[in-house]
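Asker: Please find one structure pasted underneath; my questions will follow.
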């Protein structure tokens with residue numbers, strides 16, 4: 001019975017430790033350079049907050065520069081991260097080593113590029129084309 005109690009206390013302590021867990025996150029840019037690492041709380045920090053931080057810390061000498069956080073997509077573990085999730089929810093199921101920083105890949109897609117380009121209208125009249133092949 002005492003073993004069950006100890007296991008329960010250890011599980012509760014693990015949940016508290018996870019709530020206060022500080023993680024290091026670094027961001028890999030398109031050219032292979034990095035932003036960070038920065039320390040943040042895994043439960044309290046959302047993906048949207050990370051995107052804001054990436055835009056604020058973006059190097060000025062890059063050819064591609066995001067204007068807003070909506071222009072940035074973060075990828076971790078092969079998945080595009082959703083803005084409303086926190087870091088703890090986005091971790092890979094196998095987990096990261098505690099002593100290493102979590103690397104997130106940054107993709108910049110300007111919002112103007114997301115809109116579909118208008119179809120170019122061809123001013124030539126449409127003609128019906130037929131062909132016959134005799135074998």
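Quick reminder: no glycine exception, Cβ is built from N, Cα and C everywhere.
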Asker: According to Swiss-Prot, which listed range is region 'Disordered': 1-20, 21-40?
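Answerer: From Swiss-Prot, the annotated region 'Disordered' range turns out to be 1-20.
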Asker: Please report the DSSP secondary structure of residue 132 (S-geranylgeranyl cysteine), reduced to three states.
Answerer: coil
Asker: Sorted by position, what residues of the same chain at least six away from residue 132 (S-geranylgeranyl cysteine) have a C-beta under 8 A from it?
Answerer: none
